[in-house]
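Here's what TrEMBL has on this protein:
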type     : residues : note
TRANSMEM : 26-47    : transmembrane segment
TRANSMEM : 53-72    : transmembrane segment
TRANSMEM : 93-117   : transmembrane segment
TRANSMEM : 129-146  : transmembrane segment
TRANSMEM : 229-250  : transmembrane segment
TRANSMEM : 271-295  : transmembrane segment
TRANSMEM : 311-333  : transmembrane segment
TRANSMEM : 354-379  : transmembrane segment
COMPBIAS : 465-479  : compositional bias 'Basic and acidic residues'
REGION   : 465-484  : region 'Disordered'
TRANSMEM : 506-528  : transmembrane segment
TRANSMEM : 540-561  : transmembrane segment
Amino acid sequence: MEKAAGSAAVGGSYPQKNAEILSSQYGINLFLAGLLLTFAWAVHAVGISKSHLLSYLITLMLIQLLWMLWYLCRSCTQRSLIRDKDTHAGARWLKCGITLFAVITLILDSFKIGYYIDFSNCLSATEGIFPVTHAVHTILQVYFLWCHAKDIIQSFKTLERFGVIHSVFTNLLLWTNGVLTESKHQLNEHKERLITLGFGNITIVLDDHAPQCNCTTTTLCSIFSQGIYYLYPFNIEYHILASTMLYVLWKNIGRKVEHHQQHKTLFKFRGIMVGMIFGLIVLTSTIAIVVVYLIQIGRSKIKSELALTMFYLHAIFVLALMCTAGIVALLIYRLEDRSLDNSKNPARKLDGELLVGTAAGSWLLSWGSILAIICAQAHPKYTWYNLPYSVLVIIEKYIQNLFIIESIHREQEKGNDDIKTLRIVTISRGSTLSLTPSYKEIYNGRAAHDNREVPCLFKGSIRARENDNGGGAKEETSQDKSSVMHSTSDFSFYSRNSVTNNKRRILKNIAAFLFLCNLSLWIPPAFGCRPEYDNGLEEIVFGFEPWIIVVNLAMPFSIFYRMHSAASLFEVNCKT
């Protein structure tokens, strides 16, 4: 009987495994078709226009909208059923983050609609339909993720696998489209700046996809066309965050959950002021550096070189601080003896894989810069700062990845209910019992005697003393000795617990500091401050077109790494 039941269970898993394989292959083919269509539009392939690409994306979004509506309707009709939830997926802070990016994405869509209205005479209808469809898709998807990101689907599993994986790769294609559009804009600006740095031997051909007609309202057109590119970084982060949350939902389909107590992770400012202050100083200085860089770069050769030097010096200082903070955190972990949580957790596994995978983008650019500095025949002064900068980028990501991955795998400390209480009994010759408050009560700033309460541990002994004032001298002496021994052990526990709290406070400050530093380092490449484009040395060594291809492929992963690291460090801060 047991063998038959076991074989039936194994046999039942085969269709689900096949459904997982089939749905993943469907999603990959969907993505590859869209990727080739995007590439064909980017290189101006014959017979492929922007309207073809947008039509494909609109179709994918409409299919996803139909699936999400069906899922929401089915969930409403089955509200009485108890559903399993993955407590690690779809954290509240992650939902708040994706909501913020979604709101800015809606502003981007409204700009695109305004841009289409102004150039409606020479733009295809798909360029007006796309932002409207995308806005509806964004609103419904954010609502869907808020309500159902934690779901573990156990019914209609085969159909749901295809629906969720379709949503994952639809968001990845929308992310790719945003990255390509933003990269083409950055590349055009970069080509115009190269002349000022003295690289006149590079042929500059602008990749222009501008409408071939006049705008009806010149001022509005300028606002819309310029504003769109400043909003694209938020749109890019929105789609990559949505695809990761949907991927976790796909991995959870049909999963059996281990029911265990989940500790709440709350963010508190208390105890992390040092890390926050230093992090805010880095954030403020980074914003100032980016503003000066964007103003100075391209004005003249001298101003461009000064802007590059300023950027490299600031980045070297910040990266050195981050490396130091990461090393201190890892040393604290080596001094602690706490077990790791190795339970199955798709969200945690994906976090670790994304950290290492996306860091490869920065590592590729850094090794390219190091090789260019070594092989170049001429070295302008500002290019030498690129060497320590590139080396520190590699080391910093290596250390930070170790810190984050170990932090999210460490078992969370139990709450105060498991903390031993510290009570010291002092007995005088006049038989007066003095009780000091417990450690837990000291920590919370409350003492039991303030409320005229006596801990229940001692109530029986007090009553016995009141009933028998004269007898039991020997028993009292033995109790005194045991009380002293107990108080000594409690003092040692207090000292150990104090050391542990200091370590936790340091770790929380380091996590807060690294969180703000990663946000700071996300800003420059996201808003066009890209020395990999502007210093020109790599383009001389590798050639203009090959290096630009490398930068355009690696930069989106580098930008995403910083935002994902910031999100992971926020979780580490809440968990520590």
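Each residue, glycine too, has its Cβ placed from N, Cα and C.
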List, by number or range, the same-chain residues at least 6 past the transmembrane segment (354-379) whose CB is under 8 A from its CB atoms?
-> 244, 386-387, 389-391, 393-394, 397, 401, 404-405, 532, 537-538, 540-542, 547, 550-551, 553-558, 560-561, 564-565, 568
How about the transmembrane segment (93-117) and the transmembrane segment (53-72): do they have 3 or more C-beta pairs under 8 A, pairs 6 or more apart in sequence?
-> no
Remote residues contacting the transmembrane segment (506-528) - C-beta distance under 8 A, at least 6 residues beyond either end | 186, 189, 230, 233, 271-272, 274-276, 278-280, 282-283, 286-287, 289-290, 293-294, 311, 315, 318, 321-322, 325-326, 328-329, 332, 400, 403, 407, 555, 558-559, 562-563, 565-566, 569-570, 572-573, 576
Determine whether the transmembrane segment (271-295) and the transmembrane segment (311-333) share at least three Cβ pairs under 8 Å, counting only pairs 6 or more apart in sequence.
-> yes
Hey, would you say the transmembrane segment (229-250) packs against the transmembrane segment (129-146), going by three or more CB pairs under 8 A that are 6+ residues apart?
-> yes
Spatial neighbours of the transmembrane segment (129-146) far in sequence, C-beta under 8 Å, 6+ residues away = 54, 57-58, 61-62, 64-65, 68-69, 71-72, 90, 95, 98-99, 102, 105-106, 109-110, 112-113, 116, 167, 174, 238, 242, 245-246
Surrounding residues of the transmembrane segment (540-561) on its own chain - C-beta under 8 Å, 6+ positions past either end | 179, 183, 187, 199, 202-203, 233, 236-237, 240, 354-355, 357-362, 364-365, 368, 371-372, 375-376, 397, 522, 525-526, 530, 532-533
